[in-house]
Amino acid sequence: MNAPDRYERFVVPEGVAKVSYERDTKIINAASFTIEREDHTIGNILRMQLHRDENVLFAGYKLPHPLKYKIIIRIHTTSQSSPMQAYNQAINDLDKELDHLKNAFEAELSRHSLRQ
C-alpha cells in the first residue's frame, strides 16, 4: 500500500512551517497560504469566513493531492487590505466564533444536567 502512515496526517515534520505565505508577483494584493496537515474541513471554513470580509475579492482553496496533507488558500483583496490582514482577521473571527459556540454548549450542558 502506498498510503503514508496515519500520523503523517497530523504531525508537521520538523523544519516545516505550519503555515507558509507566498505573495503573488503577477496580481497586486494576492497571495497563497500553504497550511500543512490540514484538509477540506479547515479549508472550507476559512474560505467561507474570508468571503464575509468586504475587502476580499477572491478566496478559494485546493487540496493539491489526496495523499499530501496540505491545503493551499488563495486570497485576493482590495487595496484597503492585504491578504495577510484578511487571513489573520478570518482566523481571529473564527476563534471568537468557536469560543462562543463552546461557551453556549457548556452553558446548555450545565443547564440540562441541573434539571436531572
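Here the Cβ of each residue, glycine as well, is placed from N, Cα and C on the backbone.
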The annotated coiled coil range in TrEMBL, which must be one of 28-55, 84-111: 84-111
Helix, strand and coil residues within the domain 'DNA-directed RNA polymerase RBP11-like dimerisation' (31-103) as assigned by DSSP: 33 helix, 23 strand, 17 coil
